[in-house]
Number of protein chains: 2
Amino acid sequence: MPVYSISHVENVRVCVVMVGLPARGKSLIAQKIVRYLSWLSINSKCFNVGSYRRQIVSDTQVTAELFDPSNEEGMKYRQEAVNAATVDMMKWFLEENGVVGILDATNSTRERRDRILKLCRENLIEPMFLESFCSDQDLILQNILDVKTTSPDYANRDNDFATNDFLQRIKYYEEVYETMDENTDSDLTFIKLINVNSQIILNRIESYLESRIVYYVMNLHIKPRSIWLSRHGESEFNLTGQIGGDANLSERGWRYAKKLPELVLKSLGEENKHTNLTVWTSTLKRTQQTASFLPYKKKLQWKALDELDAGECDGMTYEQIEQEFPEDFKARDDDKYEYRYKGGESYRDIVIRLEPIIMELERQENILIITHQAVLRCLYAYFMNVPQEESPWMSIPLHTLIKLEPRAYLTLVSRIKADIPAVSTYKEKGTSQLGELMNGDSISKSRDLIKDSEGRVILENK
Amino acid sequence: MPVYSISHVENVRVCVVMVGLPARGKSLIAQKIVRYLSWLSINSKCFNVGSYRRQIVSDTQVTAELFDPSNEEGMKYRQEAVNAATVDMMKWFLEENGVVGILDATNSTRERRDRILKLCRENLIEPMFLESFCSDQDLILQNILDVKTTSPDYANRDNDFATNDFLQRIKYYEEVYETMDENTDSDLTFIKLINVNSQIILNRIESYLESRIVYYVMNLHIKPRSIWLSRHGESEFNLTGQIGGDANLSERGWRYAKKLPELVLKSLGEENKHTNLTVWTSTLKRTQQTASFLPYKKKLQWKALDELDAGECDGMTYEQIEQEFPEDFKARDDDKYEYRYKGGESYRDIVIRLEPIIMELERQENILIITHQAVLRCLYAYFMNVPQEESPWMSIPLHTLIKLEPRAYLTLVSRIKADIPAVSTYKEKGTSQLGELMNGDSISKSRDLIKDSEGRVILENK
């Protein structure tokens, strides 16, 4: 009997069919849903029709004319692209046990949507339409600016050309666009987001998975903000190599706590130095001590941010665990994500209890979280889309502040080191030895690190 | 620094203004919201204008004529009732730190709603309108049947009279009813539920509290169903008086497990004996062993159903705790709901981790939950609206199956005893001694027990 999270209650497969004109944030919403569900171990994938179209029409650079409804050749290519994407999606549902597939395209006419509907029903997949409808011209223009600078369709193109061509493309779509309608489409399951969540229409949302997707999408906002992550300062247990417990900070840990306000200011930069952060800690002393010199008034404690519960191994060193529970020690190395300490937790258990924290983080603006190694790995995995096999093995060093800046299609990461030595708490697979005293450089080994002009490390969400 | 749950992130007060014709389920929704939020320790209260009106017009029995828009005296009385309810509500917000107040009335005209809006804004309270709109005649008739049999307005009245009078009352309301509208009301925060959640319109839902209420309401259904609760069978730890751990069932515990299928059948009755239940257990052996003879295919394990984590006291007896940690022992007796074991959990912590379970229970139909004493107390407290001071002290005996049947305004409770002896695990305040060997009779001491004609115990939600 496997352990179920809330996400495994039903045996439902859902095809989310995006609907909306270009530059309405469809791809962004689709990508976020996939990232969120994947983090919850729900097998999800996005099928972007634009990418298929670019493979089919790869010989020439695309211009708006391709999207002219009277351009028969263009229509043919575009139909081919949709067909290829849906064929791949159905294959993925059937052969790779897909649970939530997202068809990311404009799907702007009823005729097009009816075809997808039929295909879903033939394959016993629940179709859910997700329309992003926007009549706010400022929002649309902002989106156009984003798309222009990121779309492969306009790579190496002149700025003015790109803007005008894209506006023309939108016009062609507007000629045929049929929005989802409470009356005409009353038999369908759909969410219609109007002007970024200022109004939402929900129709026939029935399954649990659908209602989770709705709740997640409802909580998204597009205001710019940052999230800061830090482990607590070095603790007395860290010095002795013990895990768990509720120890005080070591002398060096206190030095980190005192320096933390300065690191935060540095990360804010001169022009934003008065930004008001909210500080979240766990209920354990070492995180609260680390937060104690921060000048921000709003500090909240969350039980959900407590360190992974090591159960019977709480307070032991890895060497002791290896000696006393050699089979458990090996089992954990073999599948660190799923392994649950006797009377304690697994990484999967942490993800389940962090889910409300993630939902709240999506709603909030500037938050600084001071928490623990395993919890921080899980939070980081959500923002950076790190797969399960990898996230429990990420090295997240002590005495380092991480700043995340979520952008449309990537998250900027900067890491500010305190330059205060700390022990390593990183245990490699197959050994009970911890690393050397270090300042810590690696976060995620298999990812490419990209540094921007200010020396910030950028990890693209894949 | 107190511990925050997700419900304490913001400093927002919300007035939920119900909107809709009579017999649209408004009071039911309002009561459920209050029960849910109260369970999450959010100070909530419902102000039912009908009750105020009955106090004002107490001399004669009410008939439909009171609701005739051309009846000036009737209008005056009804306006007085609204005024009294809103005055009380505002007083409650200000003097008793109210967080979510619900104004339960038809509020069927824009003019009426505008007045409430103005009052809320003057008092810095966020108004959120919640309309239940229903055009499905079958649903309306079912609701009329329910209201007729439960409304004090028709106590001791002839059935036909009640039905006709109530239909006439609805007609009077229909003459002046103005539904919430996406265009005219686009500046307001509102939820419009159409035909029991088959369509939902959300407008300007902004605060976290509002979005929680929306998500809860979205998950409600009105299909009849039952929920079964049982503790695991007596465990080996129960025999020695130890708390926590992951012990096996005792010999008597196994006897209970073997008898459980028969108890469930008995509770279903002959005509429903083929009802298919889903079984939820915790991840601990004693609940799974208890479920092992149940013939239902769908059995799910939830970490969130695990027993309260006693941290450093895990595996100890109450006597040992009293000796080793006398201060903690006393602190727990003084405030059992808030007391958190060192390295473990409090009742409040359990409620937070059970919240997704409650949400899922609201969505599901027939579920049998096999869990632990403290968790069962919290689940039971949700369904029966048991206050925090009382819920950690409820006696929920071993070897007893509890069946809950949620109805419109009350929950039927039946308890089926297995007649297999078990130790008592009930510890009274101020002692470390457990009760005598017993079969267990009490659940909630301060509540009136009402038995129906079949000997079932009924506890009314207050």
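Residue 1 is the first one shown; counting continues down the chain.
Cβ coordinates are placed from backbone N, Cα and C, and glycine is handled just like the others.
Over in TrEMBL, the protein carries these features:
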type	residues	note
BINDING	B:Arg231, B:His232, B:Gly233, B:Glu234, B:Ser235, B:Glu236, B:Phe237, B:Asn238, B:Arg286	substrate binding site
DOMAIN	B:6-224	domain '6-phosphofructo-2-kinase'
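All protein chains included, B:Arg231 (substrate binding site) registers 31 other Cβ atoms within 10 Å of its own Cβ.
All protein chains included, B:Arg286 (substrate binding site) registers 29 other Cβ atoms within 10 Å of its own Cβ. For B:Gly233 (substrate binding site), the Cβ neighbour count at a 10 Å cut-off comes to 30, with all displayed protein chains included. Counted within 10 Å of its Cβ, the other Cβ atoms near B:Phe237 (substrate binding site) come to 19, all protein chains included. Taking the centroid of the Cβ atoms of B:Arg231, B:His232, B:Gly233, B:Glu234, B:Ser235, B:Glu236, B:Phe237, B:Asn238, B:Arg286 as the substrate site, the other same-chain residues with Cβ within 8 Å of it are B:Ala247, B:Leu249, B:Ser250, B:Gly253, B:Leu398.
Regional average pLDDT for the domain '6-phosphofructo-2-kinase' (B:6-224) in the model is 90. Spatially close to B:Ser235 (substrate binding site) yet at least six residues away along the chain are B:Ala247, B:Asn248, B:Leu249, B:Ser250, B:Gly253, B:Arg286, judged by Cβ distances under 8 angstroms.
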